[in-house]
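Here TrEMBL flags 11-156 as domain 'JmjC'.
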């Protein structure tokens, strides 16, 4: 009653994480996150007739507005300066006086889709005779080259300090006397030599840049952002989600998982796991136990014995084909079955045939 009272008084209603309540939205976003290779989120907005929700602003995401009901009048403006092109952060609210002429002005009706990139200022308002209900889908937040370099450069510098004595040599004793803003206009050979030395050290950093490790850090964050996979009925029947519980001796008992060397398995989905080499060991990150509410759960991962990495890579390269557990590249059959059972219990594997009759 309180919410609808706000609405009747001209307030817009925003629903966060609609994928937590709508399987359709969940399925839609899960497909997009796989295609874009980055987090995809959504909000829905219900706006009363003749009102405006947000003030003009730009966002740090790629936005797709899909009109579901009613109509909405939109104005979109180009970035005002080079600094606002593909911005890293969203803007504060802007005033009409700060805007120029829109590059696009249109009325969205049910079924229409509007896209505007990061940095494009936008504002929407309802027409006097119609309400508006739309969903905004967002992607590519903090997913730029700069974000990758933020992870890569500190790691490269740390490695260079450990492996190259040039990065550990002391600075010239008198460098404060000829460097700094106060000395920036001075003509001094010592300044030239100092700048050339810094440039040389920066260029050499590329030799120490752990690019793959930095990409794995980006992937680790992405897997934490991901929605869990939407399963078909057959995928449920052929995975841990198809295992029933039995009431026995006054309590629930899970059915034992009977995986043998002849059991045919594959990854549930290709993008649901990531192997990462970290200081503490080899970690396997996965998405199958994520929440449909953004970051409600902590990142899901477990430490993997390094000798199992070949098996994970084999499963990745074999997808979408099934392989026999006996063909996993582990040393013993016991290890093959143990690894397959662990991955099956985490929802990471599916079998070619259901292991139990439900």
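Any Cβ shown, glycine's included, is placed from N, Cα and C.
On the 0 to 100 pLDDT scale, the domain 'JmjC' (11-156) averages 96 in the predicted structure. For the domain 'JmjC' (11-156), the DSSP counts in helix, strand and coil order read 35 helix, 53 strand, 58 coil.
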